[in-house]
Every structure is written in structure tokens, then in C-alpha cells.
Amino acid sequence: LDPTTAAQGSVPCLIAGLALMLVAVILLGLISVTGRQLGPESTGPEIFQVPLVPWLPGFGMMANAFMMSTIGWSSHLFFALMSLVVLLVFVATKVTKKVSSSKREMEAPRETVVLRGKRTAELEAQLDDQEI
């Protein structure tokens, strides 16, 4: 690859991005037409509706697809590697927290029984004091 192509993206990627945008527009059109054909029972006041949906999110996805098609493959590789690193850190954090919480749960019932025993003894002593 020459430096100008690597910096600006390649023609096949640009064509793929434009084709993806065309497919997205067609899908958005089908979704909006199908949504209008659901009937009057689905458009009552109790139905939650958001303006410009699915058009605004669809255009956002198209813009992202276009921008991603114009960057080089090394940026995609870097993004994939960083996503993998973040995912591994997330999973490691969750596993560590789960293991430590399960250890605490295994120790907690013994402490609870001891505390309940002390509390029960205190309450019995108070009842004995009140009866006298």
C-alpha cells in the first residue's frame, strides 16, 4: 500500500461502505413502511413513541459505517485488539468479584448464626429482667 491510500482508505472499502449505506436506507424504508401498516390499535396514546425513529439511529449507523469504511485496516486491527483487551479485563474483574463474594457468602452464615445467638441471649435476658 502506498502512504496516500493507507491514510485515506481504499476504493474497495469505500464502495463497500456506500453499498452498506444503500442497504441500510432500504432496510429503514422497509421498517418504517411495515411499522405504519401495524394498524390503528398500535398507535394509541398508551403506546410509547419516539420521533424520528428508526431514521435518526439508522442515519447514525450509516454515518459510522461510512466513516469506518474510509479508515485503513490497521485502525480496524487496533480497535479489535483494544476491544479484546478491554473485554478480558472486564471478564477478569467480574470473575474476581464473583469469587470474592462467594467466599464472603460461605463465611457469612457462621457469623450470622453467632450474631443471632448473641442477640437471642440478650433478648432472653431482657425478658427475664422484665418478668422479675
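Cβ from N, Cα, C; glycine included.
Database features, via TrEMBL:
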DOMAIN    48-94  domain 'Cationic amino acid transporter C-terminal'
TRANSMEM  6-31  transmembrane segment
TRANSMEM  77-96  transmembrane segment
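Counting residues of the domain 'Cationic amino acid transporter C-terminal' (48-94) by DSSP class, helix then strand then coil, yields 38 helix, 0 strand, 9 coil. This prediction places the mean pLDDT of the domain 'Cationic amino acid transporter C-terminal' (48-94) at 88.
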